Amino acid sequence: MNALYHLCEPALYTGRESTSRAYLHENVRALDLRGSLARTEERIPALFGYACDEGVRRNLGRPGAAEGPRALRKGLGKYPWQVGAPGHLADAGDIRLEDDNLEGAQAAYAEGVSKLLEVGYLPMGIGGGHDIAFAHYKGIRNHLGPGKHLGIVNFDAHFDLRSPGDAPHSGSPFFQVARTCQQEGLDFHYACIGVRRDANPQVLWDRAREFSVCTIERESLTPDQLSGHCRTLRKFLKPLDAVYLTIDLDGFSSAYAPGVSAASPMGYAPMEIAPLLDVVLNSGKLIGLDIAELNPAHDQDGQTVALAGSLVHRILHFPGLF
Ligand SMILES: N=CN[C@@H](CCC(=O)O)C(=O)O
Ligand SMILES: [Mn+2]
Ligand SMILES: [Mn+2]
């Protein structure tokens, strides 16, 4: 790992003390990605921060997401650690942006993801701009090699299929993945859930169609259509060997997630998408996941941190995942 890598700060984890390791902060272990890592006996989740908002800046959004990883860790300590939780939670530290070098941060992040996967961890990324997704995907792909069918499930108000020009940014990660797949002769499997008509220009809807993106629109997230969407998602997952899950917090309504780079008043409520999230967690194919675009500079009352914390708690306690 290079100079952009920083070890986790254990002091960020605080909360009530117990005699039975009843809280998350009592179950975190620091993991140093600079050395060689021992293979895990069971699958262990590993937080891995992407402290970078240069992609948001390049995409004309509101900066601040570089502080997302620290803010989420501060919020996580108090969560209960209950029956079914993994043996422990590893914290593999952060990749932090330096000198606007987004591409360097992405390369270092991808390297860290591959390293975690090689020894049996499940990377749990914390962003940072959604440019984390290109880095995370690359890290998974480098680990898997070209022979496996790898898919992406993105919960987001946006397709993030913009052309990056000569400077990748937070709105371009899935276009970059598609282009890489094309160049390397790999299939591109991408599902985007919660995408909004009023948040994506026509060219991106056309591009999504051209790339055969499995699209579930925000407007269609109604109780009567949910079981149909679950079926669609299961069908999407069926031919895959592995799935990378990425949750852009701006897919949620700003009533729940004000602390993001691009707020979504008309986004979804958490329980509107929970069953779809569970389909992914239940697939047996999850290889890596992240929560992106947490921007504490615009959070109100810590609501967005709390939402991200509850998502992490749900994932850590999902039956059979660990
Ligand atoms: N990662 C976010 N991407 C969005 C941002 C939208 C906005 O700034 O309003 C996009 O490029 O479409
Ligand atoms: Mn988004
Ligand atoms: Mn996004």
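Note that the numbers count up from 1, one per residue, in the order the chain is shown.
Placed from the backbone N, Cα and C atoms, the Cβ positions cover glycine too.
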Kindly point out which candidate in His130, His136, His189 is recorded by TrEMBL as part of the Mn(2+) 1 site with Asp156, His158, Asp160, Asp248, Asp250. His130
Shell of the Mn(2+) 2 site beyond Asp156, His158, Asp248, Asp250, same chain only (C-beta within 8 angstroms of their C-beta centre): His130, Asn154, Phe155, Ala157, Asp160, Gly194, Leu249, Gly251, Val260, Ala262, Ser264, Ala292, Glu293
